[in-house]
Amino acid sequence: MNKKTLVSGITSTGKLTLGNYIGAIRNFVKLQDEFNMFIFVADLHSLTNEIVPSVLRKNIKEIAALYLACGLDPEKTVLFKQSDVYEHGLMQWILLNQTTIGELSRMTQFKDKSSKITHANNTESIPSGLLTYPTLMAADILLYNPNLVPVGQDQVQHLELTRKIARKLNNKYNTKFNEPTTFVPETGAKIMSLTNPTKKMSKSSDDINGTIFLLEDPELAYKKIKKSITDSENKVYHDPSKPGVSNLLEIYACLENKSLKEAQEIFKDKNYLELKEGVGNSVKNFLTKLQAKYQENYKRVDEILNQGKIKAQKVASYNLNNLMKKIGIRDK
């Protein structure tokens, strides 16, 4: 039976967090035996932000090494750098001409991010890449014609646009693009800030105390858990009215490979101090082991990214050439 294909990328801005691991990377590791997987470091997407070249280079290698340390197997998963596969840019140009300015300017993420780019004199200089970002994302996806694309809630609208573009190409040019779906894991789909558990833990946030970074001192991470916001009830159970406690239970369940029900059972007669100690120790142990693996994998990042580039380019080139033949810019 042919395996289905999964594609996902992560921008090379900011430092990876525990939320990135639990919400995404952990699931990729579980799915790599079931799917043909293409996982990439989205360095081109990072260019819509202000960048420091030396920091960007460091982030790219760091993210790739962390993916490997978390358990991605380069024999099973194609791990590559987006900019290494030139087909992404050409595919974007083709897809850009299948969309309208109206469609792109209605994207919620564009409206949110562009509203924050205002100078002191009340003028704006919004990068055009911010507007066209969803078409590069669509190119990233359709080049590998996947069945499944795990995305966060903030990217669901972009995935819907990708599905719309695929449908349009299929109807217009008789192409065979899949309309990929996404999935949401049962536990840990969204890990929240430790200081404000109504907001997502994010690698782009300034909320340092509410965020656990995968490469930070495990002892510091333990202390952050100990100081995390809960509530005044002092009873441990998972409930929407208890976002802080629920968040800690989800972190524990995911790191210890237990169900939420099992996690609640473990802490049902415990107080919040005991809950935080249990979760804190789980986080500290996880980070200690992960960081040891990270050091081992960092040395082979360049080699693995180069191998991934070759494998990804083979698939991307094949699918792009087929599309170019269909639209008339390649001979059949």
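Cβ from N, Cα, C; glycine included.
Check Swiss-Prot against the ranges 200-204, 215-219, 280-284, 305-309 and you find motif ''KMSKS' region' recorded for 200-204.
Within the set 12-20, 228-236, 237-245, the record from Swiss-Prot flags 12-20 under the feature motif ''HIGH' region'.
For the ATP site that Swiss-Prot gives as THR11, SER12, THR13, GLY19, ASN20, GLY152, GLN153, ASP154, LYS200, MET201, SER202, LYS203, SER204, the extra residue drawn from ILE165, ILE191 is ILE191. In terms of DSSP helix, strand and coil, the motif ''HIGH' region' (12-20) has 3 helix, 1 strand, 5 coil. Annotation for THR11 (ATP binding site): same-chain Cβ neighbours under 8 Å, separated by at least 6 residues, are ALA42, ASP43, HIS45, SER46. ASP140 (L-tryptophan binding site) sits 18 Å from THR13 (ATP binding site), taking the C-alpha atoms as the reference points. Most Cβ neighbours within 10 Å among the binding-site residues THR13, ASN20, GLN153: this distinction goes to ASN20. Under 8 Å, Cβ to Cβ, and six or more positions away along its own chain, ILE191 (ATP binding site) finds THR17, LEU18, GLY19, ILE22, GLY23, LYS200, MET201, ASN247, GLU250, ILE251. Sequence-distant neighbours of LYS203 (ATP binding site) (same chain, 6+ residues apart, CB-CB distance under 8 A): THR13, GLY14, LYS15, LEU16, THR17, GLY19, ASN20, THR211, PHE213.
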